[in-house]
Every structure is written in structure tokens, then in C-alpha cells.
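What TrEMBL says about this protein:
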| type | residues | note |
| --- | --- | --- |
| DNA_BIND | B:26-65 | DNA-binding region |
| BINDING | B:Gly100, B:Ile101, B:Gly102, B:Asn103, B:Leu104, B:Gly105 | NAD(+) binding site |
| COMPBIAS | B:235-263 | compositional bias 'Low complexity' |
| DOMAIN | B:89-190 | domain 'CoA-binding' |
| REGION | B:224-277 | region 'Disordered' |
There are 2 protein chains.
Amino acid sequence: MATGRTHRPATRSRGIPEATVARLPLYLRALTALSERSVPTVSSEELAAAAGVNSAKLRKDFSYLGSYGTRGVGYDVEYLVYQISRELGLTQDWPVVIVGIGNLGAALANYGGFSARGFRVAALIDADPAMAGKPVAGMPVQHTDDLEKIIEENGVSIGVIATPAGAAQQVSERLIAAGVTSILNFAPTVLSVPDGVDVRKVDLSIELQILAFHEQRKAGEEAAAGASVPGGEGVAEVPGAGSGAAPAAAVEPPAGRAAAVARKNGPEGDVPAVMPA
Amino acid sequence: MATGRTHRPATRSRGIPEATVARLPLYLRALTALSERSVPTVSSEELAAAAGVNSAKLRKDFSYLGSYGTRGVGYDVEYLVYQISRELGLTQDWPVVIVGIGNLGAALANYGGFSARGFRVAALIDADPAMAGKPVAGMPVQHTDDLEKIIEENGVSIGVIATPAGAAQQVSERLIAAGVTSILNFAPTVLSVPDGVDVRKVDLSIELQILAFHEQRKAGEEAAAGASVPGGEGVAEVPGAGSGAAPAAAVEPPAGRAAAVARKNGPEGDVPAVMPA
DNA sequence: ATGTCTTTGTGAACGCGTGCACAAAGATTG
DNA sequence: CAATCTTTGTGCACGCGTTCACAAAGACAT
């Protein structure tokens, strides 16, 4: 999953553990699918399988919401859909703004999943004057100058940041000053926000790096365990055809402990692309 | 953060806790920024602040990697950058494929963060024949028919799925059969994969739902605590101008316990958009 | 009405992650 | 070389989250 956790640690909300809250949308999705197939009831076992979790965990999660099941039968699908929706606040309409209409921002604006669940894109905002007025996803992009006005007029409390990293902190401050109290941040930066403001982070490159870690570990284990293909430097014609991955080129050797003290910009030369990692 | 966790629970890899691994990319980013500014060393306190974590946590995290600091001084930036890069496997080149070149897939292809950190987009794959050959991010889209061939020829072990929900499971199976062992899934579905395959999930609508939960809770607390604005149904002229959010319309009342048994498609009518939630 | 069978709801144990607080280590100064 | 000061590395305790396992509750059959 590509979701980091930037949350106040404890503050168990109304007794519902944070971990449980994070799973409720998962259950809701599975239940919605069942509802569409007109399935009247489900057991914890079935629903857990559909959501990809342990059935005991699911039952405990639901127990925090109340006793909504019937022993010997299971859970009423429609009823549970409503209860979870209500608990998550999806029975309300949440206007959101997307700031930063680049590749990602435009994709988010076009993403159907938002409107499908009670989230209404109230406005698209970008700092580029050339973007102003341009329609994206059937909606004219507005300029950053009007950010505060837009937030207040629409009663927006949730903001999505899809700007380059450099602009994210400042944008978040303006959003918060205007009344936003929840932020979904796609920019690869750590946002510092005052207490009471929730930030959730989606960072694509971090997710890939975590995968790379496990991938490397797998490759290492494999090499260590089965001592097959012993010819270390053997010329592999078709690299990794089949199982094991085949990393292509090695990069940048050590560089010596505290050697390079004042190097202007190391060989790792991160020329910041559209959105630097 | 917008990252769910779909991971084998324990299996502490080589003694490095999963939670630590998830933070390493964060440290790496902060360190890279310092490196670019030619800062030679940092204390755990400074680096922790830059990464947005507790300094004790950071030191403990680094202790899993080894003793790379110098007491009384701090950590050598360049050296630490290398060590973390190596630990994460970023000193290798990781070819990835992106499957599903819709709005999101195209945005991902254009996203600079990938190539900036050792991840090379080896191919873009889409099931739509009309897309085949079309250039996206300076690279021709290839058809799904060639998926296996592409994976094997390029030694790809990491796949990114950005297809509609309905296609994701099947795509994952083909990727895995062809040799992919790590998947970053943007489709709103629970993928079931064999042991040994890592899946990380990025789900935009889930992140928003979690924010909505907290947002609702804040609004509730506010209403409960400060009994100001007592006129429950009072007509708010400018909704939520300033602090509290202003949810607009209420949706779908209860529906009565086990009443609606066999409803074809509830009022929640989820007409699946481009990417259904 | 009684018994059986299914499935929930939860008490309890365990393990991981976090954060405090401090001793050990090394740099630096006199 | 000794004293002081800074900062790391970690032992320990605490709390959250997960999982097991089972008693209680209700449906259903007889």
C-alpha cells in the first residue's frame, strides 16, 4: 500500500482504533459489491475473505461500531453498508479542492473514485496563469490567487495537494489558514502542520523503494540458499527469464567513509524532475 | 499517507523491522537534500526534524543498519546516503512496467520520481489496441498481448497496476506468472497473490474516506464541546467560513434494519466510473 | 419446548513499535 | 593528559494491534 502514516499517535477517536478506521473502507467496498449482487447477509468469514483480512480481526473491528451481527446468521449487508458509511461520514457530501493540476492533479480530477463515494471536487487550482480557465475533467482550472475565496465559499475542509514538492508546504499553509483541516498530500515532502490538522501522505517513490527493499532481499536469499548458477559472473543471455529478478546495472561504489566532505553535487545528481523524490 | 499495508505480517527481513524499512526512504530524501546543500554531517535531532519523526526512533532505526554515527558529532551525510541506498537496493537499476495507461497510468509514466531513484520505466502496457504505439511520456504504449515477452526480455520484477478494478486481478496473475514478484497496485481491489509476492496498495478513495472520518469526528466534537451556534437548523449564510467544515447535504436515511432484503441496486447506486471505488 | 448447530462477540495472551532516559563513546578544550 | 561537553546507541517499559480460542446467543429442526 502506498500510504504512509502521518497521524497523531494516539487520540483513539471515540474508542475506534485507527487501524480499524483504516480498514472500514475496505469492508465497505466488499459490502457494496455484495449489495450490488443482492446478497442479503454475509458471515464474518466470507466478508473477511473478500476484504483480505482475518475473520477475527473483522469481528473485532465491527465490535467497535456496535453489535450489528446476528449469531448463527451473519451480518445484514445493507444495514452494515449504512452503518459503516455513517461511521466514516460518507452520508455527508464532502467538497474537496485539488491544488496543482499537473499530470497527477489532472489524473486525480478525472478519477471517478472520488465522486463515487461522496467526495465532490469543488475546484481545481493551479499556480500557472496559463492554466487558468482551461477545462480539466469538465471543470475550469482556477488560479491560486483565489484559493482562499474558493475554500471559504464552498465550505471546503479537505484539500488534495498535487503540486511539486517545493510548493507543497506553502500551499498547505494557505489551505489551513483558509479553513482546511484535512490534507491528502501527494507531493514528496514532509508537511508540518498545526495540531488538529490531519495529513495523509501518498508517496509513489517511497512505495517503490519499499518494494525494492523486499525485492533485493528475495534476490539475496535466493542466491544464498540455492547455490545454483554458481558461476557468479556468468553471462546471462536472457536475464532472469523465469523466476528471480535480474537487476541490470550496479551504480556508484562506496565513495569512502568521511572522504567527500564538500562535494557540490554528488554523482547521485538528482536533477529535480517534474516532481523530485 | 495513502498506503495500505498488504504484507506478510512478520518475517522480519534480516532483522530490520518493517516499520523501519518504511521510514528509510524518508530519511534518504532528507539526507539527499542535505547532500545537495553540501552539509557534511547531521545530528539525529536535526535529521529527525527534517524527516518529521522522533529522534530516538531515528537512532533506533539506524541502529538496525549498523553503527554509522559518531558520538558527539552525528552522522556523515554522504556515507549514510550510500548505506541507506544500498540497504534499500537503490544501487541497482530496477526496471518496472506500468500496466493500464489511462489517466492515472499516464500520470505515473510522466512522474519524474520514478526515474530519479533508480527505477526505470521499461514499458507501458495497455489492453486497448487503439493505444498501441501511441507515445506516452516519450515511450510507445505496448499491447497486453506482449506482456509476458516484455517482462522476460527486460528482467522486470516490479509491476505497477493502474488498470480499472475489474482487470487488476487478472493482470496481476499474468505479471506474476511472467516473473514479477513485487506489485504496486493502484486499482481499488484486493489482489490475492501467492506467497513470496509482495503487494503494496495505493488507494485514493480509501485515503479520503479515512480523512472524512476524522473530519466528521472533529466537526462532532466541536459541535458537542462549544455549544455555540445552538440553533441546530440555523441557516448558515457562508458555510464554515473560518474553522469548522460545512458538510453540505445529508444522504440516504437508514432504510430500516433487515428490511430491504432483495434490492436490485440500492439508492447508493454506484455507477462504476472510470475506476470504481 | 428442547436440543443441536452455526456464528458472533470478546477475554486474554502475545508481539511489535514507540518513546524515555541514560550510560558509553568520542570529540574538543584547557 | 584530564576534564567537559555533545551526541549516539540501547535497555526498558508501555500501549496498540493481532490472533487464538471459547462462551454466549440466536436460528433452525424435531
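Every residue, even glycine, has its Cβ placed from backbone N, Cα and C.
Mean model confidence for the DNA-binding region (B:26-65) is a pLDDT of 98. Residue density at B:Asn103 (NAD(+) binding site): 21 other Cβ atoms are found within 10 A of its Cβ, drawing on all protein chains shown. In the three-state DSSP reading, B:Ile101 (NAD(+) binding site) counts as coil. Proximity to chain A, defined as a C-beta distance under 8 Å, is registered for the following binding-site residues out of B:Ile101, B:Asn103, B:Leu104: B:Asn103, B:Leu104. Note on the DNA-binding region (B:26-65): DSSP counts are 30 helix, 2 strand, 8 coil. Looking at B:Gly102, B:Gly105, the binding-site residues in this record, the fewest other C-beta atoms within 10 angstroms of the C-beta turn up around B:Gly102. Annotation for B:Gly100 (NAD(+) binding site): same-chain Cβ neighbours under 8 Å, separated by at least 6 residues, are B:Ile125, B:Asp126, B:Ala127, B:Ile161, B:Ala162, B:Thr163, B:Pro164, B:Ala167, B:Val171, B:Phe186, B:Ala187. Helix, strand and coil content of the domain 'CoA-binding' (B:89-190), in residues and according to DSSP, is 40 helix, 30 strand, 32 coil. Listed in sequence order, B:Ala109, B:Leu124, B:Ile125, B:Asp126, B:Met131, B:Val136, B:Val141, B:Ala162 are the same-chain residues six or more apart from B:Ile101 (NAD(+) binding site) with CB atoms under 8 A from its CB.
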